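> Can you read through this structure? Questions will come right after.
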Amino acid sequence: MIHVVDTVTEPVEIEQGIKIVPAANTIITTLDKIASWGRCSSLWPLTFGLACCAIEMMATAASHYDLDRFGIIMRATPRQADVMIIAGTVTKKMAPVIVNLYHQMPEPRYVIAMGSCACSGGIFNTYSTVQGVDEILPVDVYIPGCPPRPEALIEGLLKLQEKIKTEPHKKTGCLSGVCLIDKSQRRCSYESCRDNKKD
């Protein structure tokens, strides 16, 4: 419902950081709010389906659930994606490939672990499987289930949108294609994690 107020000329704060100036038909906000709104309203996930959870992920992208209405468009290349959805069992042979794809994604980037196998290793507690994607990548949203329903994936994507909306915009210091990102805050790469576990 839209209320038109002609008598008020002072800015009215409708949300923290967002003001409306009625007489000038102007909205005043911070650049961080606009950037966060843009990032959360247009998620482009890179789908990485490795097992039976991938079938549910494909069903979520089909016309019945229509992810486009949430601003979510599946991408086929990591260079155009900002969210990686890992659905299924991750083997130790596949882990370096996933880490490589993750590092090809532009900042800010997010990871969703979909299914019991991606969250904790699931029923595959063997020497050849990674016991949760968080051993190799920083995970933002966990979606449990074997396999989780498409509604659960949609809820996870909406939770990620809420998280993006509330987090401050990170200054990466990008200048002419060279990004100066503080790597100390990121989780270690797969090779260094693997070497630390041998000690």
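Yeah, the Cβs are placed from backbone N, Cα and C, and that goes for glycine too.
I grabbed these lines from Swiss-Prot:
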type: BINDING; residues: Cys52, Cys53, Cys117, Cys146; note: [4Fe-4S] cluster binding site
> Residues other than Cys52, Cys53, Cys117, Cys146 within 8 Å, Cβ to Cβ centroid, of the [4Fe-4S] cluster site?
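The surrounding set, listed in chain order, is Ala51, Ala87, Gly88, Thr89, Met114, Gly115, Ser116, Ala118, Gly122, Gly145, Pro147, Pro148.
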> Return the count of C-beta atoms lying within 10 angstroms of the C-beta of Cys117 ([4Fe-4S] cluster binding site), excluding that atom itself.
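Excluding its own Cβ, the number within 10 Å is 27.
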> Under a criterion of Cβ-Cβ distance under 8 Å and sequence separation of at least 6, what residues of the same chain contact Cys52 ([4Fe-4S] cluster binding site)?
Gly88, Gly115, Pro147
> By a 10 A CB contact count over all chains shown, which of the binding-site residues listed here is most packed: Cys53, Cys146?
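Output for this query is Cys53.
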